[in-house]
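The domain 'Mur ligase N-terminal catalytic' annotation in TrEMBL covers 24-98. Per TrEMBL, domain 'Mur ligase central' is recorded for 110-305. Residues or ranges marked as ATP binding site by TrEMBL: GLY112, THR113, ASN114, GLY115, LYS116, THR117, THR118. As annotated by TrEMBL, N6-carboxylysine applies to LYS221. Annotation comment: TrEMBL describes 328-458 as domain 'Mur ligase C-terminal'. If you look up TrEMBL, you'll see ARG379, ASP403, ASN404, PRO405, ARG406, GLY456, GLU460 marked as meso-2,6-diaminopimelate binding site. Feature annotation from TrEMBL assigns motif 'Meso-diaminopimelate recognition motif' to 403-406.
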Amino acid sequence: MRKLKDILYRVEIKSVVGSTDLAIDFIAFDSRKVKADTLFVAQRGSVVDGHEYISQAIAQGATVIVCEELPSDIVDNVTYVCVEDSDLALAHMANNFYNEPSSKLHLVGVTGTNGKTTIATLLYNLFTNIGYKVGLLSTVKIIVGKKVYETTHTTPDSLTINYYMNEMVAEGCEYCFMEVSSHGIVQKRTDALNFRGGIFTNLTHDHLDYHKTFAEYRNAKKIFFDQLSSKAFAVTNVDDKNGMFMVQNTKAKLITYGLKNVSDYKGQILESQFSGMLMKVNQQDVWVQLIGAFNASNLLAVFSVAVELGVDFQEALLQLSKLTSVAGRFQYIVGRDNITAIVDYAHTPDALKNVIETINSIRTFNEKLITVVGCGGNRDKTKRPEMGQIASELSSKVIFTSDNPRFEEPSEILEQIEAGVEPQNAMKTIVVEDRKQAIKLACQQAVAGDIILIAGKGHETYQDVKGVKSHFNDLEIVTEFLKQ
Ligand SMILES: CC(=O)N[C@H]1[C@@H](OP(=O)(O)OP(=O)(O)OC[C@H]2O[C@@H](n3ccc(=O)[nH]c3=O)[C@H](O)[C@@H]2O)O[C@H](CO)[C@@H](O)[C@@H]1O[C@H](C)C(=O)N[C@@H](C)C(=O)N[C@H](CCC(=O)O)C(=O)O
Ligand SMILES: Nc1ncnc2c1ncn2[C@@H]1O[C@H](COP(=O)(O)OP(=O)(O)OP(=O)(O)O)[C@@H](O)[C@H]1O
Ligand SMILES: N[C@H](CCC[C@H](N)C(=O)O)C(=O)O
Ligand SMILES: [Mg+2]
């Protein structure tokens, strides 16, 4: 149990009504979760304003209200703390409530459009393989040492983040790797955390439903590097045109990586096949078990962070070669007639292009590529025609299908994807709305040696239709259809 006055440390307060010498058992920003002796934080959201739920929170037992504007009806025996910014206040209070857990960990955050899960997970695996206890906060799962928890967000809210980091400290974890999404940065979910380092992967088209313009999206990512301290390091990808922009105002020590441009950690792909590639990293050759230029870039980021965190250069190189692909990221099986099926989380135009180009650089002329892909509902609509164009231009055949339609009409999403298909590629495409049937058709059409790419859902275990999530996993389904 903590005292309110301790929890308010570093919070920018405008005014206080009532006593701050109160014990706080619980913090909540959702009135539905309030119980006795809760501190309720009213946040202005994208759908509703949390200030409208203040009376409900008090009725359920809240004794402290943190808000940006005092309500007109002040209730006796309730303390009101009026703050400049509720999101930022929540970040500081969560950090204080759990005794600043991020300061007791070597915390590294990964941001960028693609590659966050891959890099954070590979870093978790690398440090675990060396023998450290490690924590991970990722899109796929949250891990504390060896304990695995389900997650709903790439970057959870600040209370959840600090809750798990506190558990990491209690479990004896020394390192923590986490994904930092642009939504997370804008909503200040990661403010008040003590980052030892930050990594920038790349910036391409995504989330323009939320950020409205590419410049706004780019600026959101940059805030993360602006906030790093002078004791931290900032690792950036110099092959990305926004790589140097991200770090231009950072106080952190700058470290660069790249495959094309001059950098501190320079990589080169010497040889590639499905099972891996031979890479050169700062003049040393290493065989790695992942493929594609994008993964070479991800591995360079992992390698530079490992070295920066004190792992010996040769040891880091050896560990790099032990890393295997992350769930749902270029995960493949070989089924009947030597047909290869690849499940990949490519859900942006850039990711889709990279994955298909990687496959095309390896497959022979006789081997067809059949791509099954769709786009999520209630998400950035502008990426739909781009993904339709890329898939149809670069594959031998394409089956457009559903990917979490959410509250949109699947047929309308599919029409928007098809709108991007150029006339000369139209013959290669077909629409099969039901994803299972689409995968089945791909398996029926594939002949010996062909490659099937199922893109967009990766590790996901559900299909979200009108808010109902039914079990669905691309890998399970394709494995069944391709049985020997
Ligand atoms: C658009 C968005 O990011 N929304 C997030 C945001 O919710 P919101 O602003 O919509 O909240 P709201 O519904 O308007 O409610 C406002 C406030 O009133 C409170 N409230 C609301 C109702 C009620 O009865 N009582 C009550 O107190 C809410 O708890 C909230 O504090 O804050 C919530 C709490 O932190 C998040 O759960 C929620 O994520 C939603 C579910 C979501 O889908 N987010 C996605 C887009 C997201 O964040 N994605 C990124 C990854 C993107 C990537 O791949 O890069 C992520 O980091 O996961
Ligand atoms: N460095 C990279 N550059 C471009 N594409 C990449 C890169 N790394 C991975 N990808 C592609 O993007 C997909 C998603 O990768 P990953 O899950 O690592 O990204 P993410 O940034 O965590 O995505 P999300 O924002 O959904 O959490 C992969 O399945 C792959 O197709
Ligand atoms: N983090 C991304 C994941 C998209 C994955 C795709 N399968 C979808 O549901 O759109 C998002 O929430 O936009
Ligand atoms: Mg991710």
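Yeah, the Cβs are placed from backbone N, Cα and C, and that goes for glycine too.
Beyond its flanks by at least six residues, the motif 'Meso-diaminopimelate recognition motif' (403-406) meets 347, 373-379, 413, 435, 456-457, 460, 462-467 of its own chain at Cβ-Cβ distances under 8 Å.
Among the binding-site residues listed here, namely ASN404, ARG406, GLU460, GLU460 has its C-alpha nearest to that of LYS116 (ATP binding site). Per-residue confidence over the domain 'Mur ligase central' (110-305) averages 95 (mean pLDDT, predicted model). When the domain 'Mur ligase C-terminal' (328-458) is classified with DSSP, helix, strand and coil residues number 55 helix, 27 strand, 49 coil. Neighbouring residues of the recorded meso-2,6-diaminopimelate site, listed in sequence order and excluding ARG379, ASP403, ASN404, PRO405, ARG406, GLY456, GLU460, comprise HIS347, GLY374, CYS375, GLY376, GLY377, SER402, LYS457, GLN463, ASP464 (Cβ within 8 Å of the Cβ centroid). Per the record's binding annotation for meso-2,6-diaminopimelate, residues ARG379, ASP403, ASN404, PRO405, ARG406, GLY456, GLU460 show a top Cα-Cα distance of 16 Å. Across the fold, the C-alpha of GLY456 (meso-2,6-diaminopimelate binding site) and the C-alpha of THR117 (ATP binding site) stand 14 Å from each other. Spacing of ASN404 (meso-2,6-diaminopimelate binding site) relative to THR118 (ATP binding site) is 22 Å (Cα to Cα, whole number).
The ATP site is set by GLY112, THR113, ASN114, GLY115, LYS116, THR117, THR118; from the centre of their CB atoms, other residues of the chain with a CB within 8 Å are VAL110, ILE119, GLU179, THR201, ASN202, ASN298. The separation of ARG379 (meso-2,6-diaminopimelate binding site) from THR117 (ATP binding site), Cα to Cα, is 19 Å. For the recorded positions LYS221, ARG406, the largest tally of other C-beta atoms within 10 A is found at LYS221. Proximity of the binding-site residues GLY115, THR117, THR118, GLY456 to ligand 2, judged by a Cβ distance under 6 angstroms to any of its atoms, singles out GLY115, THR117, THR118 in sequence order.
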